C-alpha cells in the first residue's frame, strides 16, 4: 500500500466509522454488525500503525461514541466516560496481560489478578448521587458530553433514588438493558397497538431510555447493571471486586457472573464458561470485560486517549451460520412499503432455528447501502445463493455475506417488483426514499388489513375485543374492508349476532361485548381520529398538533381542500429543485435553488387563498412540508377521501379542550429545558398548552418564557443573552398554581 492509498483508505474508514457511530450511539439504529464495525476499526488501527504520520485529526481511534442528540439538554461528564479496547482471541488477551506487566515493570512470575464480567449489550449510563440522592443521569454521548435523561432514569426500578452509606459524591456507571422476555413482550404489545417493532433488545433499551416523555420510558421494562464509577469524593474500595461488592451493598444490581480471576488461565476459563451460558442468560452480551483488580495499579496504568490501559473487552465471535436462500417474498405494509423477506433453509444460529431474514429493500439486495455505496463487497443476493446469516437478538435475522463460489448456474439477479404483489397497482420509489411503495391505497388488501390493525390499536380507537387477530379474520371473511365497516357490524350482521357468536372463539357474551365496545367509540377525540387514519408521517404528536390547530374535523378537511393547489406547486418546486441541483453538479456550477423554486411556484398560478391555507398548514408547530404533503395527498385521493367521509358519518368527533385565555401564560411561547423533577416533560407541555401557551422546542426572539431545570445548557444561555424571562420549576408551578 502506497502513502496515497493509505491516506485515501484512512479517509474512507473515518467516514464509514463516523456514520456507524452516529447510527449506533445517537440514532439507536445500527447500520452494520458489531463484527463489521470491529473489522473496520482494526483495519484503521493497522494502517495508522504503518503510517503514523497520516493519522487524521478525526481519526476513529481518537473517538468515543458519538455526539449527543438534539432532544435533551447536555451534560458534561466530570470524569470522561471511556471506551474499551478489544481482544478477539486468547492471544490478544495474553498480549493485554503482557503489556500491563511491561508497563508496570512486573515479570511473568508476579501474581496479577483480574475481574471478569459479562459485557452487557445495552446503553451506557452515568448516575450522579450527592448526599445519597440521585441528582442526575446522563448517557455517554461522545464521552465528554452526554444527554440528561434524569427523569427517565428515575422510572427504572433497578436505579435507587436514594442510597445510604455512600460517599458524598458518587457517580455510578453501568448499562441499561432489556431482557429477552421483556423485549418479546414489548414487541408483541407494539404490534398489537400498531406501533413500531424494535430490531433488538439493545435498540429497544436505547430508544426507551432516550424518550422525551418519561411516561413512555416508565412503561418500558428497562433494567440496569452497575459495573463502574466516575467522580468520587472518597474511594469505594482498594480492589475492583471489592468496589463491585460495595455497589451491590448500596442497592445496585451487579452482574452475578462477575468473578475475580487469579491469573490469565482463570480469565480464559471464565470467558469459556460465560460463552457457554450465553444463550440461556435471558439478556444480550457480546463478550467478557477484564479489569485489573488492584485499583492502585489501575491508577498507575492510567488511560490512553480513549481507553483505559487496565481493561479490555474479549469479544465473542459473531453468531453466524451458512444456509440456502430458497425464496424472496415481498410483504406489503400499512403505508404501502414493499419489504423483501428471505425464506431460508432452516438453520440453527445461536441456539435458535432461523428460517427467515430481513432483506431491508431493493438496494440491500443489490449490494448497496442507502447512499449507493457497496456493502458485502458489492455482492448481490439471488434465490438459490448460499448466504451467511447472523443474529444478535434480532426480531428477524440478517444476511451478512454471500458465497459466490456456491452460486447455482443460471441464478438470475432478483428483479424487485414494480407492481404490488397483492393488488397489482404500480409500486413507485420516490426521490430520496429507500423504499418502493404500492400506490393502490384502499384497494390494496394488504394495506387495508394493516391500516385496520392500526385503526384499532391502543393509541387510536382502542376497541376492546377487536385486535389484530380479529381484524385479520373479519377481513378475510369480507366483514370488514375499511374502518367504517366496523361501525356497521351491528346493523349489517347483528340480527347477525347469531353469525358472530357461532364463530370459533366467540360466544353470545363476547359478541355482545364487542358491539358495545364499538358503540362506546362512536365518540372519539379529534387527535385520536387523525392518528387512527394511518396517514404516512402522521404520528400521535402530529395528530395532536393538527387537532389543536384546526379543532374540527370538517374545518381541517376544508382547509386541506383549499391548500391542495399550493401543495402540488410545492411538490413541483421540490422536483425542479432536485433537477437543478443535479444539473448544476454535472455542469460544475452553483445551483440556483431559490430562483428555481420561485419560478416553478409562479408558473403554477396558485390562488392566494390556497397559498394562505398551505402556509397555515405547514406553519403548525411540528408539521412542516413533508407531513403536509402526505396529509394533502391522503385527503385528495378520491378513494381514501370517500372512506374518510363514510367513517366520519358514524362518529361524533370531540374537539380538544379549549385552552384557557385568562391564564398568565395564555398566548405566550414557553420553552422547557433541563431536568424536571415534579412532572414529566410531556405533562409540563400538556399543562402549558391547556393554559393557552405555545410550547416550542428552541429559544428565539419569539420566546416569552424559559422554564429551566437542573442541567439546563445552551438554551438557558441563549435566553439570558436575549433578556428572556426565566423561571425554575418551582417558579413555574407557582405561576400556574390554582389554574
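The first residue you see is number 1, and the count goes up from there.
Cβ from N, Cα, C; glycine included.
These come from Swiss-Prot:
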type     : residues           : note
ACT_SITE : 119                : active site, N6-AMP-lysine intermediate
BINDING  : 420, 423, 438, 444 : Zn(2+) binding site
COMPBIAS : 49-59              : compositional bias 'Basic and acidic residues'
REGION   : 49-70              : region 'Disordered'
Chain-mates of 420, 423, 438, 444 with C-beta within 8 Å of site centroid, Zn(2+): 332, 336, 419, 421, 422, 424, 425, 427, 439, 440, 441, 443, 445, 446, 447
Residue counts (helix, strand, coil, in that order) that DSSP gives for the compositional bias 'Basic and acidic residues' (49-59): 5 helix, 0 strand, 6 coil
Length of the line joining the Cα atoms of the residue listed as 'active site, N6-AMP-lysine intermediate' and residue 438 (Zn(2+) binding site), in Å: 43
Candidate with the highest Cβ count within 10 Å, taken from the binding-site residues 420, 423, 438, 444: 438
Count of other CB atoms lying within 10 Å of the CB belonging to residue 119 (active site, N6-AMP-lysine intermediate): 21
Where residue 119 (active site, N6-AMP-lysine intermediate) falls in three-state DSSP terms: strand
